[in-house]
Amino acid sequence: MLPLVALVGRPNVGKSTLFNALTLTRDALVHDQPGVTRDRHYGVCRIDGQPLFAVVDTGGMVGKEDGLAGATARQARLAAAEADVVLFVVNVREGASALDDDILAWLRKLSQPTLLVINKIDGVSDTTVHSEFAHYGFSDVVPVSAAHRQGLDDLIEQVLAWLPERSIGEALNEDSERIHIAFVGRPNVGKSTLVNRLLGEERMIVSDVPGTTRDSITVDLERDEFRYRLVDTAGLRRKSKVEEAVEKFSAFKTLQAIEQCQVAVLLLDAGEGVTDQDATVLAAILDAGKALVVAMNKWDGLATYQREQAEDLLSRKLGFVNWAEVVRLSAKHGSGLRELFRAIHRAHVSALRQFSTSEVNKALEIAYQTAPPPSIRGYVSKLRYVHPAGSNPPTFIVHGTRLKVLPDTYKRYLENFFRKRFKLVGTPVRFLFREGDNPYEGKKNVLSERQIQRRRRLMRHVKRK
């Protein structure tokens, strides 16, 4: 399970700015006006694409009139209760307030591990930063400027030190022989019906009412001598549509399931086509870098012309993930399930494939010779060498010079070239580009005395000519 870190504090102390800085997104609204964030929402803190922990942003707790019993405060209380670590965020420019004192007293009753994060330290003396909140008695205090990304490395390091010793890798290794599959999609597309069909029993509650599944449910399956771990998740909606507190927690559990799976099956309603909500779910899968299979459910109920329309809409809206296989099936009647498992296996094998340094360098050399990078403002990028940097998804680090001007079109060319050469199906491929990291830079072979004498003789010979 991904550990969870909650951001708690009064309004306008910079919680949403800190959330955006930790998750490298702009998901949280940021404004000088207090109270912009009312609900809680979730993101993931990653370094080089590897997830470290989930982050939940909460609304600011306001004065005693609404106080700790208000709706926004209830959201913050729920977030703090489910978190592994709480970050109590304060504003050094405004100093400690009575509301800060009230929130701290509530946090101490909660008995959750808590770090004091002093925000907006830019332009403030160190003496002021450390003295303003000294009376709170925190042993762990992290000064940051979320807006300028100052102190974030120290904050992440402190958070990791406080988190329980568990990770995605450990969760997956609980049964490394099983293929971990998450069935995800918007509400009421048939995820629970599909899992029940695969299991051959009514394990999940099935209803026409969207949102019947409120938690991620994990079950094991053995089929055709293969072992699987299936996760039926709650439907993901756009954030504006997520209202109930329980449903917000369900959305977080779904994001956790995506982070922990090896293959994500995105279930679509063939009759409704690809909707904006489907795009929201797909974005979560792509952000996590997971292998993907697209399943068009309720295919058997479509007429010929409806199927043609569905295919056309799919190619137009999901053309940017044309590397993912599409399976047409009926969860209700069981058609297409064998092809679904075949697609899952192909995606799983591709996502976890191991590469040697020699074979990826050979591929880079051929790609470079076939189509060199274009000249950008008189500069041409040089790709010197590449090495594999991980799997699920396959990741490669390319070293060279002037890589900052390498156009996105050429990066996509490399991705497609590697995908075709190594027959990678159903998995994203990531490239990281590094400049000036030549391992042999600054190193020289020390010449022996004999080599030095030989070089001198050669130089005398050259001079006589």
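Here the Cβ of each residue, glycine as well, is placed from N, Cα and C on the backbone.
According to Swiss-Prot, the GTP 1 binding site annotation covers 9-16, 57-61, 119-122. Per Swiss-Prot, the feature GTP 2 binding site maps to 185-192, 232-236, 297-300; the stated evidence is sequence analysis. As annotated by Swiss-Prot, domain 'EngA-type G 1' applies to 3-167. Look at Swiss-Prot and you will find 179-352 tagged as domain 'EngA-type G 2'. Look at Swiss-Prot and you will find 353-437 tagged as domain 'KH-like', backed by sequence analysis.
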How many Å lie between the Cα of Asn188 (GTP 2 binding site) and the Cα of Lys15 (GTP 1 binding site)?
34
By CA distance, which of the binding-site residues (Gly9, Asn12, Thr58, Ile121) lies nearest to Thr233 (GTP 2 binding site)?
Thr58
CB neighbours of Lys191 (GTP 2 binding site) within 10 A?
28
Per-residue pLDDT averaged over the domain 'KH-like' (353-437) comes to what?
92
Minimum Cα separation from Gly185 (GTP 2 binding site), reported as the residue among binding-site residues Gly9, Asn12, Lys15, Thr58, Ile121 that achieves it:
Thr58
Reported as an integer number of Å, what is the Cα distance between Lys191 (GTP 2 binding site) and Thr58 (GTP 1 binding site)?
30
Measuring Cα to Cα, how far is Lys15 (GTP 1 binding site) from Trp299 (GTP 2 binding site) in Å?
45
Spatial neighbours, same chain, of Trp299 (GTP 2 binding site) - Cβ under 8 Å, 6+ residues apart:
Ala270, Arg307, Arg328, Leu329, Ser330, Ser335, Gly336
Count the other Cβ atoms sitting within 10 Å of the Cβ of Gly9 (GTP 1 binding site), across every protein chain shown.
27
What counts of helix, strand and coil residues does DSSP assign across the domain 'KH-like' (353-437)?
31 helix, 26 strand, 28 coil
